[in-house]
Every structure is written in C-alpha cells, then in structure tokens.
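*Asks:* Structure in structure tokens, see below.
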Amino acid sequence: MQILDGTLVSAHIKEQIKQDVIDWQATGGKKPHLAAILVGNNPASEAYVGHKVKSCAELGFESTLLRFDPSITETELIAEVKKLNDNADVDGILVQLPLPNHISGDNIINTIDPAKDVDGFHPISQGKMMLGQPTFLPATPYGIMLMLEHYNIDVAGMHCVVIGRSNIVGTPMTILLSRNTKPGNATVTLTHSRTKNLAEITRTADVIVAAIGKPFFVTADMVRPGAIVIDVGINRIDDATKKSGSRLVGDVDYDNVAPLCSYITPVPKGVGPMTICGLMMNTLLAAKQKASVAVS
Ligand code: NDP
C-alpha cells in the first residue's frame, strides 16, 4: 500500500508555481491577487480561508480577505462581489462556502466574473469543463487529478466509483475522470444517497472517490483488494486523547481500509492540500489571462 501524500505533492507543485510567479514578474507581470470573502466565523471556514491566504503569501501572490458579519444581506454581498469584479487589481475571487441560510450560494457564485472564478463554481466554468473547453476547474477535483498525474496513476479503462454528487466535488470529479485526456479515460459510476446496493458497486471499483461528509462511511467490506481510494471527506469527531478534544477524519475507515489498498489518501494531508494547489494554479492562470486580454 502506498500513501498518496498531499503535503508532499502540493509542496512540489507549489515550488513550481512559486518559480512561475518569479518568471512571470521578471517579464513585467504583476503578482497574482486572490480576494477571498468570508461570511461569519464558522471555525472550519476560518481554517480553510486561513490556509488559502497563507498559501498566497508562500507563493508570492497578493491576497485580500474580506470578512462580513453573518447578518449581511444577499443584496449587500452581491454588491461586494461586483466591487471585486470591477477591481482591476484582483485576479481571482473566492467565496468561502457555506453561506448563511438567508443567502443563496447560487446567486452569489453567479455574480462572480467568470474570468475571476478561480474556484471553478460558476455555471460558465462548469459548462466549459463539461464540454472539455479550457477553463477554471473546480479546485478539489482538479487537485485530485494533479495528484493522480504526479504519481503517474493511469486510470484509463479503470472503473471509478464516485460517492457523492455535489456540484463542487462529486459531479465534476466524474466529468474529469471520464474525459478522453490523461489522467482520464476511466469508466465512471456516480453514486449518492439514493443508490441501491452501494457496497456491491464499490466492490467492483478499481478507484473509489469518497465525497460524502460522513466519518468512516467507506468500510473495508466495501473495498476490493488492490483498489485506489481517494478520501475527500473532512469531518471533525470527538477525541478525548487530543488536547483540542477533537480530530479530523475522512469519509473512509482508514485504519481498516488502508491495508487493502494499492494507494490511499490520508485525512488530513491528502486531498486538502491538493485543493489549495488547484486554487493557486487557477489564480495564476487568471492573472496571466487577464494580462493577455489587457494587452490584446
Ligand atoms: P455535500 O454535502 O454537498 O454532498 C454530499 C454527497 O454525499 C451528496 O451527493 C449525498 O447524496 C451523498 N451522500 C450522503 N449520504 C450518502 C449515503 N448514505 N450514501 C451515498 N451517498 C451519500 O458535500 P461536498 O461534496 O461539499 O463535500 C463532501 C465532503 O468532502 C465533506 O466532508 C466536505 O467537508 C469535504 N470536502 C473536502 C474538500 C477538501 O479539500 N478535502 C473540499 C470540499 C469538500 P445526495 O445528493 O443524494 O444527498
């Protein structure tokens, strides 16, 4: 069994991005600038945004974090996104999800200028991805593809079972895995909470991507020996042995599943750091594309 080490791979990719930014600036390019919007103070969202802002500093990007009280209205938040759209210095915009219930995530995402949609959630980005046109890929599935590429794992012809059909992880994952470019060409099954006989399906999988949000959901009896398991889940569970009283686990029962696998991602330090890489790659691309539009 080999661990797919997201920390290691992301460090490698980040070095490349960092050098790319240096080269870009040497030819007159400006620092890529990511603007992040955080509404409220959900501890998980705080942590995710914190990692993204820190990564910007590491890579020589500029970042702006805009924090808003959870009482902000949808109209006010839309106005804030529009300001970022109009700000010529900002290359990429991300809105940390989830948003408070009184704000429609769709309405906010739809407001982002597609040229700055570095999370790849805008309908234009998603539509282009589906058609195989160049665009910003959703950061988590993009990060997983970068990880497969790094380890030279060729999923062509393999049966990949994706558990979870969200617009940001499960569904785009199926599209990228089934594309006719490397690392794709897989045969993909998308499963969800209404899927019957899920364990029977996952036992036929060469690759399982778990994006459910339920700790220890994928158990050893659901996994074929030799399978590749990608665990996207991030769940906080109580753990009295930890100083904080809790710890992070994925959607996979790692201790019992890992010995069966050919490759597996741990949680933490698996898909999480790769998601940030995907976001940073998109932000650099956005900066370069904006500069080339300005010149032409
Ligand atoms: P969502 O809650 O949007 O989607 C969860 C999916 O799981 C749904 O499609 C749901 O099915 C499916 N599901 C729920 N219960 C079952 C079940 N019993 N059997 C089969 N499928 C089931 O979650 P996200 O996609 O946003 O995130 C999934 C997980 O990944 C979360 O833990 C999240 O924190 C984590 N995450 C991690 C990231 C990273 O960088 N590592 C980035 C983004 C998310 P249905 O549609 O039928 O309800």
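From the backbone N, Cα and C atoms, a Cβ is placed for every residue, glycine too.
Taken from TrEMBL, the feature domain 'Tetrahydrofolate dehydrogenase/cyclohydrolase catalytic' covers 4-119. Summarising the annotation, TrEMBL assigns domain 'Tetrahydrofolate dehydrogenase/cyclohydrolase NAD(P)-binding' to 138-290. TrEMBL lists GLY164, ARG165, SER166, ILE234 with the feature NADP(+) binding site.
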*Asks:* Determine the minimum-neighbour residue: among GLY164, ILE234, listed as binding-site residues, which Cβ has the fewest other Cβ atoms within 10 angstroms?
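*Replies:* Among the binding-site residues GLY164, ILE234, the sparsest Cβ neighbourhood within 10 Å belongs to ILE234.
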*Asks:* Give me the largest Cα to Cα distance among GLY164, ARG165, SER166, ILE234, the residues the record lists as binding NADP(+), in Å as a whole number.
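*Replies:* Overall maximum Cα spacing for these binding residues reaches 16 Å.
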*Asks:* When a 10 Å sphere is centred on the Cβ of SER166 (NADP(+) binding site), how many other Cβ atoms does it contain?
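*Replies:* Other Cβ atoms found within 10 Å: 16.
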*Asks:* How many other Cβ atoms sit within 10 Å of the Cβ of ARG165 (NADP(+) binding site)?
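*Replies:* A count of 17.
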*Asks:* If you average per-residue pLDDT over the domain 'Tetrahydrofolate dehydrogenase/cyclohydrolase NAD(P)-binding' (138-290), what number do you get?
*Replies:* 97
*Asks:* With DSSP as the reference, give the number of residues of the domain 'Tetrahydrofolate dehydrogenase/cyclohydrolase catalytic' (4-119) in helix, strand and coil.
*Replies:* 61 helix, 18 strand, 37 coil
